[in-house]
Structure formats: C-alpha cells, structure tokens
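Here the structure comes first, spelled out in structure tokens, and everything after it is commentary.
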C-alpha cells in the first residue's frame, strides 16, 4: 500500500513531486526480450506534455525520459526498468500566495491533515505531473502487448457530447486535431468552447472514451480483481476523474435483460456488445470500451475566497498557467493506464492452466 | 492476484462456488480487542439472502455463517478469522440444460475459455453467491469502524429514478420497504415495476447509491490508491456492476471550475460537496457519496438462442428461480464493500506519521 | 501482511487456533486442470499427525481434511480451494494452570503483549497445529509440480548427527523408521535417544535436511526474492526453527573461492554442487539441498518457575502430552513449505519471457 | 514478485545494473515528519563503498546518492522517496573475456537461461552493487527507528572465528579496524589472513553477526511472517549468503528443553536469551541477535576452466579488481536489511489493537 505501486506482475512504482528534482519510476516484471522503440515512448510523453497546443497550459516542460536500467542494447532484460524525468520547474519562485492557503477543491487541505507537512510549491505529489511516469510505463506495456490496440479519445467537453459509440467513429482521426476528438466537426466546436472558457478565466470538465481491440479471451480474474474493476480503479486513480462506466454503463441499468443480453455467434463472438468485452470479469474477445468522466480543473483564473492553515479567510488570486480543460492531455494517460491493466492480466493468464 | 483477496491490512480472502460444499473466507488483519456482535453479522447476511421478500428470488438458502477461528469469548484476537457458509443448494439435480451450453451474458463462455474447466452447476465461482462472504467480512469491518456510518439504498430501478441526493432523503427509511428505497412513494412504484418485469419473465437493472458519514480526514493514498479509486474497484467487483461515479460524477464533467469548486468554511469543512468527501484521493471529512449502476440479471425466463461448447446453436429455456432485479439485495453488499475499503485505509492511516 | 498468507501466485492463507472449532485455509492461484489425488494429500497429513508412533505426542487428532471448493469432479478448477480440518481437541477442560501464566520460551508472553488478548487454551495461533494447513497446501503444490521430487529427512537428533550428505544416502529409506532418518542404524540410535529424553521428562532439538531434485533451470528472482531467501523464510516460519543453511552453508564460509567454485560440465551441469542448486538466487538445475535447525520443544514434563500476568512468580507443572522431539513430525512440513516455495517460482517463471 | 521490492509498509524497490547508467530505488511508506540526517545516509554508503581500505576491492566508485523526491526542507513528506546513485563504471571497456563465457559459481549461466539475455558487462543485476540501494533505504529506516540500535560486525573470516557472543564484546570497537571486528586482536589476525588470501589470488568467506537492541515487545506476525523468518529472508537475499541462524541457532538443536528454555524475570525480561529476542515469531524485548554466513567471492585471480554459451570449454583468466573477502563491506548491508525488516513490523504493529 501507500499507493505508489500499480500492478502485480508488471509492477510500476512512481515517485516525484511537481517541484522536486525529478519524477520517475521503476517497472518491475517487464518480460525479457522485448525490443523497445524508445522514440515511441517519448512520443507518448509528448502527447501528454504541457505547451503542446493552444488549448493546454502554456508551461514549458520538455519531459524527456532517461532510462537508468533494465534495457540492454535496446532490449528489455527482465530486470527492473528505472527511469526519471527531470523537472524543469523547480527554480525557486514566489509561492507565498499558496504556501499557507488551501486552494478550493485541491488536495492542499487533505494532504496537510494527513501528513502534517507538504511541498507547497504547486501540487506536490497530488499534481497531475505524476501521470508522466505512468505514460512512460504504459508506453512500454503497449509495446509488450503489440497485438492489442488502445485507442482513447475525447468524447465530451463540458456540455458538448460526441454522442456516438466507438464503432461509429474513425478513431484514426483522433490525433488530427488538438482536442483529440475523432469527429473533426465536433472537435472544432469543442476547441472553440475551451478557448471561450479560458477567456473567462474558467475551466471545464469532459469525457475521455477508450476502445481496446485485439484482446485475447480469458484476461481477468474472478471475484475482486475483475478486469473491469481494475480498469475502473486505474481510471479513477487519474487526477480529476469522477466516474467510470464500461459497456452499457449507467444507461445499461435502465434496460431489461432481454434487451441487454449479448447473443452468441457460433464462433463465440457476440452479435451485440453491451457487455463491453468483459463477462464475469473476464475478457471475451470483443472490444473493451469505457467512458471516464473528468471534473473541471480546480485552479481557475478568478479570485476565490478560501482559508489559510489557521482558519482565517483569505482571498486567493487566480494566476499561473493552467489547463482550461484537462481531457486532451488525458487521452494518452487513459491509454497508458489501460495498457498497464491489460499487461498485468496478460502475464497472469500465463499461469492459470496446468 | 488471482483475485480472491481484497484489502491490504484488513485482508479478506474468499472461496467457494454456488454449488460446492461451502463458501467462506478468511479475514487477516482484523485488529485485536473488538467485541463482536455476531447477531449483527447474521442480520447483514439476512438482508442479502434469497427468499427474503416477494421481489427477489424464491430460492431458499438459510445462509448461516459459522466462525472457525480468530474470535475468543466474543472478542477478536488479532489472528485470522476463518468462516464458512454451507451451501444448501448442492443436491444433485438436472443440469443438462446448461452443462454444455453458454448462457448469454453470463461468465460460462469466458470461464471455460480461461480455465478449460468449470463447475457447470450454476454460476460456480462467478455466481453472486460469493458476495455472501463479503457481507460477513464487511459486517465485521463496520463493527471495527463503529464511528463511521454506511448507508446504501436503491435510487433507481430500470427507468425509474429517485432524482434526489442523499442529503434530501431520510435514509432511516431504507429498510422500511422491500425495495430498500428511502422514498416510500418511489419505492412503491419501483416495486410495482419489478413485479411487472417478473411477470414478463424478464429482468431489469438499477442504481444503488451510498452515503458514508463520520469519515475522519486523511483516509486515502496518493497516486494509484486514491480512496475513490479503491471504492470504485470495490463496487465494480460486485457482480453485474457497469459503472461507478462519486461526488459530482458524470454530471460534474459538464460543469465549470467556478461552479464545481467547493469553497471552505473556516473549520475546514466545505460549503458545498461536489468533491464527494474526497480531495486528491484523500477524505476531507465531508460525506462520501457515490452511485453504482447494475445491469439487468442475465438469466431471464424467456427462451434464448445460444451456442454450446462445440459452437452449435441451441435453444436455452428460461427456468429456475432468479432475481428479477438485483438492486434490493445489492444494498448490503455495497455497504460491505465500502466498509472493507474504509477499514483498510483507516488502519493504513495509523502508519503515516512519525 | 499480518502474516497468514504465503506465496504470490500460489497463495496460501491459513486460519485457526489449536483449540478453536477448526483450522484450515484457502489456496488461491492453483492452476486449473490438475487431477488431484486426494488420498495422497491425506497421507501427507498422516505423516504429520499426532499419535502416529511411539516417539511423538500421544494426543489423538484424526486431522481429516475437508475440501469446500475449487475442485470439481476431482480436478482443480483454477478457483480458490477452501479447506478445513476440524479440531478434535476443543472440548473444555481445565486450563487454569496456564491461563494466566506465561510458559517459558513459548509465545504466551509476546502474544499477550502484542494483542492484549489470547486464546489461552494451548498455544492458540502460535501452536504448531497451524502447520497442518500448510501440509495440505504443500501436498497440492507437490501434485502440481509432479516432475520435482521433495525429500526431507531427519539428519540430527540432539547431539546425534548423520554426518552424510544427501547424495550418500538412500532417501527411499526415510519412511522405513519412525524417526524418518534414511540411515537405519543412526535412526535406531536416534530413537533410543528420544525415548530416553522423554523418560527424563525433557525434550530435544534436531536437524531436518531436504533435497529437491528435478528442478528446472531458471526458478528464482533477482535481488530480494532469491530462491534460497524464500526457502529460508519458509523454513524459518516453521515453529521451533532456529537456523537455515543451503549448499555449503555455514561450513562454506570457511572455504576459499578456489575450493568453493563449482566448475561446469559442458552441458551446463556442474562437477560439484557447493552452490546447492542455486546461483545468483536462481536454480541451475542441480539438486537443491538445505538444513533446518529445530530447537527443543519448550513444553517439558518438569516443573519450571515462571511468572503470571501480574509478574508474580509461580511454579508451572509439567503435564500434558507433548512431543519429546519435533523433527520426525517436521519432515512433511519441511517438504510442504519447500513445495509451496517452488510452485510459486515455477508459476512466476512462466511470465518472464516475451 | 519479480523480486525487486522489499517490505510491505516501508516498501523499498530497487533498480539498476552494475554497468548501467545508475542504480537506485524508491521508498514508499516512509512516515511523514522524520527529519533526515542526509550525511548519516552517505556515511552508511561510505562504509560499503569499494576502495575504502587495503583489504577490499580497489575499484573507485564514489557512490554518491541523489534524492529526487519525498524530502522537503530536510523532512520526509510521507510521499515516495526516489533516489539514484550514478555508476562511475559504465565506460566501455573490453568485456570479450566474459561476454560469452559463464563464470563458475556466478549467476551468468542461470540469468542467461532464465531471461535469454543479460548485461554481460560485470554481474548486471546480480552484482552486489545492487546492495548500495539497500544501504540508502536502510539508513533511512534506522533514522525512523531512532530508539533501536543495529550493530553488525565481522565474527569470522575463513577458519578464524571470534568465538564470543555479542554480550562479551565491546561493539563500539567495530569501526576501529578495517575488518570491522570488535575484538582488535582477532581483527588483526583476520586482516593478515585476508591479505595472504589475496596474495594467493584467492578469496575467502566469513561470518557477519548482528545484535539489535532497544526493540519494543510485540514486533512480528504469526505464522508465515515470523520476525526471524523475515530477518532470515532479508539476510539470505544478500549476495553470497549461504546461511542464517538466530538465538541459539544450529547449536540450539543439540540442547534439551530444560537447558534451552529462557526463564522469566518478574518484569517479563528473561534470565537467559537463547530465544534470541523472539518468541513465537514476535519480539520479546530482549536483544535480537543472529549470524550470517557468506561464501567466498566467486571471482578469483586464478585461471579457471569453464564453458561458453555454446558449451565449449574455455579458460577464464583471473583479472580485475575484486574483494578478497566480502564480510567487511557486508557489515553495513546486514544492518540495513535488519533495519528494513524492523521498520516494517514497527509500522505494522501500529495497526493491530483496536
């Protein structure tokens, strides 16, 4: 526990605060003999990094990953992969406006209460910066699972919803726009909305959807570690996430069994896929798909009343460079976490039959 | 892994198939010195058991728990608590109609593919019967956490939705009706709907909501093991669950930051609670609340076309005694899993400060 | 933690006190499709059980294992195997002589201090009775690892030492005598010694050695989970064990590198085997062998001065039926723990190569 | 598993090969609010580093630790502590003499068989260099456990044995000589022996003993995770260790119960301490003490016949700079691992009482 490790067999442990020396992690359990494309790993980081487009935070962090171990002549050796991303951001500046105050709907108050101490320069460990380490690990997991395709995309920005399932979309268009929405028209509408929100000094939430294809039958575990339960945990562990649903999701709760059941084809595939590729917690070979709800970023460019450590009311000024909407940058994080879940079950599945 | 253990410090391992000799489990890590009310544990089982009302399955299983260890003179000793619930159901009967066929949207196909063998008499390990063991463990967790109140209730049956938050309801009314909905009028409507659905030989999904009050500040872990991430996993690990949202949930993704932020009172409480009692993955002392979406039960009393092991199309007859709607019996399960999550973080929190 | 689970992939959790209703356990992660010989499991229990010969405790416990789940038509299903052994011993009798007193070199004092409560009827959880559950799990592990041979035997009783390595012995003779020493002459000498010690109302320690053959190359993990480290932990977790050495062991610390190195044959086997079948924490295919030192049983049939809960000096009378020497009954326990270690690494090894 | 993490609550994960970019690790679960003496951490590393004296390897590695996270203004924050030690050694040189050959009694053969690939420049992950990361973590654990004193020392070099228990020694003299033996005369004799062995181009094994005082009563867990079992695993996980014994150890197996039992004083302490400070797997407040046997280093400065990857016989020349005897440098490693074991149980013990 203590919560900085994810996975059982492909085990990722991350470390690092937003304003410390470096963030990074260790991957333990990556199979030996995987020829890694290191550029592809960096590209995933670039999809997540700040400053990449006009609708994300304009902070500059190069986010270059350095590998310390576990890779020899470009191939994984089966030993732990240590890596770090140096923080460009650690220069001292003036934090007096946040040092003793609790930003509303941030983790400042809860961290102080829990630990009695916190790195007040930014979000510390609660900063979404930690997810860069996950993207590195997830990018490696993707390369291990070369037959499985992870495709996340933005399906909602505030009240603007895509309203189509992944089977009705051309997911190859996701990267064609800065919102990462595979429907170019909707993407354009979302982009305008985000820009307007930013102009107001405000932020807005959104939805990231994800489809996973090429999943072999049999991944998942009974009882507590159902495949979708672990996917749900993985997604809910991403900063700002408030909800997760897979397959028919919340809408499925309104249906009747006769409407919801996925009838079989003779080859074991199903005619419909309201199950979302998982039955009894175990993959059935159909596409896995799910939605992840992100709340609006708590840091807004408007003055807010709040309290300091001593319970005094203070006014917190909105300043700094923050994301008006987190979902475009969340897309690679969702994919990374999905890959981390799948690789673990994929390895686990090798142990189950005599 | 292998997925039959939940928790890190208050660790519950369950075993048992629906038609085996017994189900049961082991609780490892329960603190010593807790005077247990054994009747209260059995009462929780009774809230879950079949045959308890006119709108649940009419199967008869007494579900009496026997404790084997870890309790001495009514007090926990800190050693593992082993327990079992004998299956009344294990008498041989005719399973020929399901032995070689895969029931649609059940786990038959995926289990067979994964394990190459399965106990075909009912759902085996994938049966919701496994959750009886969770209810036992959760009931003990509740007694350990005597200052925390777990209150789950039905807030939706099919298309019928309660449409009120937990703060607008009198949750003491939950057990006043067989639907377990704290709004008596809505409960009555839901009950009629379930009865009609059953008459059609069909089933229907629903929503269970849960409010947790009295939670101390500081429970939760950074990064992967955020409190709501583990709650989400716990809920998604319950049979038939398709979605989880906490606090503002999916609706929160449509809001602006200026609308969503919970401003502080001078005592550290917040004026609103869209955060759902958790900030940065750590409890802030406000009520934790969440919704859990259940799909309709897959076993319906109508004939369905399906396939057998060899890929032949067969007609599966609807028969047996099954729940038309799972949510009334799911209420104690949701509470049990919530208690298991909280007790683990509560114990963990004792280790964090020097 | 809390220490009642062993293994990562073939995970055994045990429960139960010596004088409770039952002891037992859950095995999670046993591969599916293993046809189990249930008689062979009971036979292993019989090798451990009290009353089996003239030199062990004369208590009567049938130690019959009942399986509750995870086995269907004699074959493992991949789901958790729950089992219990009812205690014959739980009838109330007079415990007043030990209730409030701390037996010297027992766990009474430490348990009371740690937990603040303990089942004073016998050793409770600290009783070696707990190892019966391990023997059940180990017997299943042996059947999973059908190509690996686990052969433990008594190599020392008090000052009487066998003084031969496993390669100089005919291990098929181990069960030919009640000491379980494969050298019949030494066995006879040991037997006489144990009988004499018992006559004195005393107890004596001993050594159990173990050889494991047929181990595939490659089992073990780098760094902390070296194969011999886990074997050592497994053995040291058995009641009364004070030491563990493998391969050249303590004697090896006196040698020079030029004497200790195992030179290779051209097929990768080695000419000598001071390494004990493990190099760098990983099996090299040669026999694994090790020694386990057991202290004398603390319960003696002589009066001892001790203290009660309040620190008063009291005289504790020696009575009851206890083992004069624990090693003959420890032989199947050592084999069981070795099998539990090996099966875990054997499963783990399936995950390491792409 | 995969074996690169140690501990459950104070969890240390290490990474790094001897000739990679860096070694290092992550500590997860260190309590918040511990003021760290960073110099003391570096001093522990200096006790382990190469080149420190005339009787260890003359390789030069500064072994300077850099902390990346988890410490703010000199105080632990409760978040993961990431750290790295850059390798000075990674410059390319000629490895042709070992690239394709298997050094006798090294891990070359087993790693190649297990992983199918290995970093052939030195020992890779199996190099004792990995233990530098453990020393960093252990030094922090020691500071958390400021009331507990860990004192390891050399008690044997080859056939030269100290022959005294820790209570007969002045352990403050351990650092007074380069052997780290608290008996100056014996230290001198050991030093001469090591120098002679090195002159012969050979190596020799030895014994490290350790005493731990100030341990609170109650640390340890029942059954599998007995305190001494975990200590044994910790020690056996150190490179070159072949055996572990605590308290009366192997010699205790020759004693009678009437000789071995530790009788109580009225305050709960014991008159003797053959138990080694642990009863029933749980600390009783008396000194914990144990011995650890190290085999001779496998790399010798003599030619040896061995095989290459293809099974051809080749002659391996003895060259390079290696330790003639590993025990002087092993002393801080033994202390570090002991501290890592104790801190975990110390944290765990906070959770056990209601």
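Placement of Cβ uses the backbone N, Cα and C atoms for every residue, glycine included.
Curation does not apply to TrEMBL; its annotations are automatic.
The annotation NADP(+) binding site is assigned in TrEMBL to D:48. Sequence annotations record features per position, and here TrEMBL assigns FMN binding site to D:125, D:126, D:127, D:239, D:240, D:280, D:295, D:296, D:297, D:298, D:299, D:321.
Everything TrEMBL records as a feature, shown here on the structure.
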residue : record               : DSSP class
D:48    : NADP(+) binding site : helix
D:125   : FMN binding site     : helix
D:240   : FMN binding site     : coil
D:295   : FMN binding site     : coil
Cα distance (Å, whole number) from residue D:48 (NADP(+) binding site) to residue D:299 (FMN binding site):
19
Considering the binding-site residues D:240, D:297, which residue's Cβ sits among the greatest number of other Cβ atoms within 10 Å?
D:297
Neighbour tally for residue D:295 (FMN binding site), based on other Cβ positions within 10 Å of its Cβ:
30
Check each of D:125, D:127, D:240, D:295 (the binding-site residues) against chain C and write down, in sequence order, those whose C-beta lies under 8 A from a C-beta there; write 'none' if there are none.
D:125, D:295
Select from the binding-site residues D:48, D:125, D:127, D:240, D:297, D:299: which have any Cβ-Cβ contact with chain A shorter than 8 Å?
D:125
Can you name the residues of this chain that are 6 or more positions from residue D:127 (FMN binding site) yet have a C-beta less than 8 Å from its C-beta?
D:17, D:18, D:239
Can you give me the Cα-Cα distance between residue D:125 (FMN binding site) and residue D:48 (NADP(+) binding site) in Å, rounded to a whole number?
18
In whole Å, how far is the residue listed as 'NADP(+) binding site' from residue D:295 (FMN binding site) when you measure between their Cα atoms?
18
Look at the binding-site residues D:48, D:125 and tell me which residue has the greatest number of other C-beta atoms within 10 angstroms of its C-beta.
D:125
Taking just the CA atoms, what is the gap between residue D:297 (FMN binding site) and the residue listed as 'NADP(+) binding site' in Å?
16
Cα of residue D:48 (NADP(+) binding site) to Cα of residue D:240 (FMN binding site): how many Å, rounded?
15
